[in-house]
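*Asks:* Shown below is the structure under consideration.
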Amino acid sequence: MRTPHAVSHPHSNSMRFQRVLYFICAFQNISCGIHYLASVFMGVTPRHVCRPPGNLQNGEIWELSRCSRNKRENTSSLDYEYTGSKKEFPCVDGYIYDQNTWKSTAVTQWNLVCDRKWLAMLIQPLFMFGVLLGSVTFGYFSDRLGRRVVLWATSSGMFLFGIAAAFAVDYYTFMAARFFLAMVASGYLVVGFVYVMEFIGMKSRTWASVHLHSFFAVGTLLVALTGYLVRTWWLYQMILSTVTVPFILCCWVLPETPFWLLSEGRYEEAQKIVDIMAKWNRTSSCKLSELLSLDLQGPVGNSPTEVQKHSLSHLFYNWNIATRTLTVWLIWFTGSLGFYSFSLNSVNLGGNEYLNLFLLGVVEIPAYTFVCIAMDKVGRRTVLAYSLFCSALTCGVIMVIPHKHYILGVVAAMVGKFAIGAAFGLIYLYTAELYPTIVRSLAVGSGSMVCRLASILAPFSVDLSSVWIFIPQLFVGTMAFLSGVLTLKLPETLGKQLATTWEEAAKLESENESNSSKLLPTTNNSGLEKTEAITPRDSGLGE
């Protein structure tokens, strides 16, 4: 059998194929960031008063308030301060909205104020509920149907449901379109991340994977810019939805990942992809039959072996794996809760609300850059624990800053957003490295599902500040500290090959601890055990 590094080429490190795939997939993350935060301006509730009756009679005097209107019984009194008798009426003729900032929003379109205010409050939570379902649903489908078909389906859905939301005829159609938009956007984020992970080499994995979140942050910047320029909600929504069009036009050229093809026993198709990658990268290809000790002309090549399917229960197969999964889920929950809690508080900093949102997006980019540099220096586990402890400390600092020094509070909040953003960006990569190929999408998808539970609860956490102003900081700080302590118990994955079997995933922990854990049963598939042996000198699969 030929060794993985037997073939070399002067241009073997170009990785042109991986770069093209990376930027195509990363561009679509911009659209995901857009739709996740579009409701910040689309769901704005402007100042309003009850509209007076359309059939005013001579001499009638009406007092207008936000949610009611009063008719004076004594029409001879024109004083502003009226103490006489008056009769209250509901706002059956609608409302008059302040259009100085926004000409129309989803709230003004369907009068989601006063007794219908709760409908406006459901716009973002229901969207996040769709994100929750989409993360686990499409993660499951990508492990069964393949990464490529799910990327195409979710991207097409983002465009169609985004346009459908803009042209919704009523509130319920709008909410339904937004719900399905959330599902496909979340599905793309999860599957797109795994797709990139399975093409990028080990040394480039850190920067490539983490900076996918930077493209998401660019979506935040575009929301702020579009909101500043376009003040009509349906036009704003339609313009933002068109950002996904370039990816839809290009996604048909994306190949399936050799990792997934090998896990399904489709060795000949995987060989074709490896050959294409080698041609693009101007290097010599390799024979998977030699690297994986498989005879593609035999019964294995013609009739792929039956591959055992895995479900969510396999993430809890024994105590060690269950502990790892619960710890990872807690970190996902804490990262999302802190991320959205800090964000919801930051948009109320005062001043220009569009500039505020723009700055919130900008602060994420240096956080991800910090993660990339630090992870390769001190490791994933150390950086993640440090970020969580830092966010917990920041929450404590915010709680002791006097109200009159609000500038210090803002600075502390931004530091906390930086720290929790770093942790939130790192957990995607860390989760994918902790689990083998056969359940990698499922692991990342389930973690994303847990973090969406936190994103649904985050607004309620902020609302509890009316009981005690520091309840959100107390909740996030406590969760961050606990998550940081448990993170120290996880194995380090820096410099390790992506696991393809449960045995390899378990070795991560055995290399960090003296005791060994019980291993999960795996499929009888030698191809899975050696997939990571492919390097850029052979085909461009790794680095």
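Heads up, residue numbers simply count up from 1 along the chain you see.
Each residue, glycine too, has its Cβ placed from N, Cα and C.
Since this is a predicted model, take the numbers as computed values, not measurements.
Feature list, courtesy of TrEMBL:
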type	residues	note
DOMAIN	79-495	domain 'Major facilitator superfamily (MFS) profile'
REGION	508-543	region 'Disordered'
TRANSMEM	20-38	transmembrane segment
TRANSMEM	118-142	transmembrane segment
TRANSMEM	149-169	transmembrane segment
TRANSMEM	175-196	transmembrane segment
TRANSMEM	208-228	transmembrane segment
TRANSMEM	234-254	transmembrane segment
TRANSMEM	321-342	transmembrane segment
TRANSMEM	354-371	transmembrane segment
TRANSMEM	383-401	transmembrane segment
TRANSMEM	407-430	transmembrane segment
TRANSMEM	442-461	transmembrane segment
TRANSMEM	467-488	transmembrane segment
*Asks:* Any residues 6+ beyond the ends of the transmembrane segment (442-461) with a Cβ under 8 Å from its own?
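*Replies:* Answer is 124-125, 128-129, 131-133, 135-140, 143, 186, 189-190, 193-194, 310-312, 315, 325, 328-329, 332-337, 339-341, 344, 424, 427-428, 431-432, 434-435, 471-472, 475-476.
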*Asks:* Other than its close neighbours in sequence, what residues sit by the transmembrane segment (407-430), given a CB gap under 8 Å and a spacing of at least six beyond its ends?
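*Replies:* Residues 193, 197, 205-206, 209-210, 212-213, 328, 331-332, 334-336, 338-339, 342-343, 345-346, 349, 360, 363-364, 366-368, 370-371, 375, 380-381, 383-384, 387-388, 390-391, 394-395, 397-398, 401, 444, 447, 451, 476, 480, 490, 493 contact the transmembrane segment (407-430) from elsewhere in the chain.
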*Asks:* Sequence gap of 6 or more, Cβ distance under 8 Å, 3 or more pairs: do the transmembrane segment (467-488) and the transmembrane segment (321-342) meet that?
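*Replies:* They are in contact.
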*Asks:* With a Cβ cut-off under 8 Å, give me the same-chain residues at least six positions beyond the ends of the transmembrane segment (20-38) that come close to it.
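*Replies:* Residues 127, 131, 151, 155, 158, 162, 181-182, 185-186, 188-189, 192, 195-196, 199-200, 208, 211-213, 215-220, 222-223, 236-237, 240-241, 243-244, 246-247, 250-251, 253-254, 280, 357, 361 contact the transmembrane segment (20-38) from elsewhere in the chain.
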*Asks:* If you count every Cβ pair below 8 Å, which range out of 118-142, 208-228, 321-342 shares the most with the transmembrane segment (354-371)?
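*Replies:* Comparing 118-142, 208-228, 321-342 against the transmembrane segment (354-371), the winner is 208-228.
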*Asks:* Rank 149-169, 321-342, 383-401 by Cβ pairs under 8 Å to the transmembrane segment (234-254) and hand me the top one.
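*Replies:* Most contacts with the transmembrane segment (234-254): 149-169.
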*Asks:* Pop the mean pLDDT for the domain 'Major facilitator superfamily (MFS) profile' (79-495) in here, whole number is fine.
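*Replies:* PLDDT averaged over the stretch: 82.
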